[in-house]
Amino acid sequence: MTSDALKADPNRLIKIIASLSSTRELLSPEVTKADALEIRLDLITEPIDDALHSLRTSFQGPMVLTVRSSDEGGAYAGGSAGLWKKLEPYIGLVDIIDLEIRFKDHAPQVKEHNKAIIASCHQNRMPDDDEMQALIEELHSFGDIVKIAVQPQTKEDVIRLLKITAACPYPIIMSVTGTVYRYARPLLCLFGSLYTYCYIHSETSPGQYSLREMQLLAHLLSPGFVDPWFEGRPVRSGDASGYYERAEQYRKHLEF
């Protein structure tokens, strides 16, 4: 098992995990535009066996299996034993298991299946620096990748979160909860967060950007990189001439 299962591509600063919450999304052609996929078992209510097997065959990137608890923004209200019963049937079809800090006792079982672990914690508040550092260390103690989502209350909190992310010595996915400071989601990737989570049809967390929106942001914020989605389009990161040319064309078209 490798701890860099979600290692970021150095050619693009923002990489995208599409969070899938329905069979419809598992079968969507849009999944091919994501760098990695998250299967939200706590939100999916239909049978997914066939769809997940098909997705595993067709999708080449990492796949994450998640059962998010209701205490951390998900729909799972059961205990530790029930969590493993939900995970076990599908663990062979994915590369990574997301384990919340409350379920860290399952880490040895995940390791026995030779899967990487995203050790996660989601809080609707902004911890102080000491709390954040202690949380990072605890998550790292059982996970290959640390994942933290918190809720900044001020712009200063956002700046502090960027600094903590940049200074983290471990592989980390840092995110924010809520809509007020949702712009921090792509920015955190510029400061060392491996990935940002997006949706295809339905948000799995308030404040998420859609996959298409994040593709645009990834293009604009990764200097010198042209996402395949933009092939054939005139705009390149750092070059605004295409915008001006297109705007002039529109103005002429609208003249009466």
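In case you wondered, yes, glycine gets a Cβ from its N, Cα and C as well.
Of the residues proposed, S19, S22, S141, the one Swiss-Prot records at the same 3-dehydroquinate site as E38, I39, R40, R68, R185, T204, Q208 is S19. H122 (active site, proton donor/acceptor) carries a strand DSSP state (E or B). Reported as a whole number, the C-alpha separation between T204 (3-dehydroquinate binding site) and H122 (active site, proton donor/acceptor) equals 13 Å. Under 8 Å, Cβ to Cβ, and six or more positions away along its own chain, K147 (active site, schiff-base intermediate with substrate) finds D98, I118, A119, S120, C121, L139, I172, I173, M174, S175. For the recorded positions listed here (R40, H122, R185), the lowest count of other CB atoms within 10 A around the CB belongs to H122. The binding-site residues S19, T204, Q208 differ in how many other CB atoms lie within 10 Å of their CB, and the one with the most is S19. On a Cα basis, H122 (active site, proton donor/acceptor) lies 14 Å away from R185 (3-dehydroquinate binding site).
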